[in-house]
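*Asks:* Okay, these came from TrEMBL:
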type: COMPBIAS; residues: 293-312; note: compositional bias 'Polar residues'
type: DOMAIN; residues: 85-187; note: domain 'Phospholipid/glycerol acyltransferase'
type: REGION; residues: 268-318; note: region 'Disordered'
type: TRANSMEM; residues: 25-50; note: transmembrane segment
């Protein structure tokens, strides 16, 4: 059975032999990243000027994205006009939508994991602030627009190598009888640099996209899945199992909330403190060691200064941990973070 830790790469950089090969490439990669930033701005301008459904647009954008290091391999889509207009894909990177859009023009709600301006530049559509509003906007799009609508119901990135997260029921609750599953696999030839690391920021992931020679997206358009008499939960579970079977991984019951809780605990677990190093003052061979001054209440009575210092030290450590959690999860209230960290600190090991 897949665990949450199995759903992420252990390290960004590959093993030691490949790390040595990466050293001479490092200055080349930095220069390549800078050049690709300027090329990316031109890609954005072209995508704004050319019509989205044009074959010429797709060819031009696919070529320029290859210059950016985003190479897309696909088995289709054949009979594009007969395909369902609700696309369901697994979630490997924040650029999955870009890869799918190069092959099959579509619309996707803005990612919660990216800044709004970056989602807009990637062509994602503004999403509702609530689940109900998002569902209404999606239903309106399906009834009025011609472009397909894409969802990634895992809602957070995983490497899709050991398992898929439990799908959100939102896209499967829409009034649409069939969905089009798309299996996404991502690899980086030459350097096996990790694609999906736990707690990684969007700008770090984007840097490695620009730094590496190429990132290859392999898209597989699977047969359509029909709702039949299934509920939204059953329809989502059936689609998840079909995608997982094609990828050769497990369809887990792990949810987005489970992953966020695991990442919070793993990233901000208190680090073991170094053992105190005893220090002794240098004295002459004939000198006697200085005895501690006796206290009026005896040696067994704790000193108030030490107690206060210990309390202040513990409070400072807790505040640092709270600040770190808030940097990664700003939407979680500070009092809840402080309460959870206090429970972790007081629980027996």
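Cβ coordinates come from backbone N, Cα and C, glycine included.
TrEMBL entries are annotated by machine, without manual review.
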*Asks:* Six or more residues out from either end of the transmembrane segment (25-50), which same-chain residues have a Cβ under 8 Å from its Cβ atoms?
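*Replies:* Beyond its ends, the transmembrane segment (25-50) has Cβ neighbours at 56-57, 60-61, 64-65, 67-69, 121, 123, 191, 207, 210-213.
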*Asks:* Taking helix as H, G and I and strand as E and B in DSSP, count the residues of the domain 'Phospholipid/glycerol acyltransferase' (85-187) in helix, strand and coil.
*Replies:* 31 helix, 22 strand, 50 coil
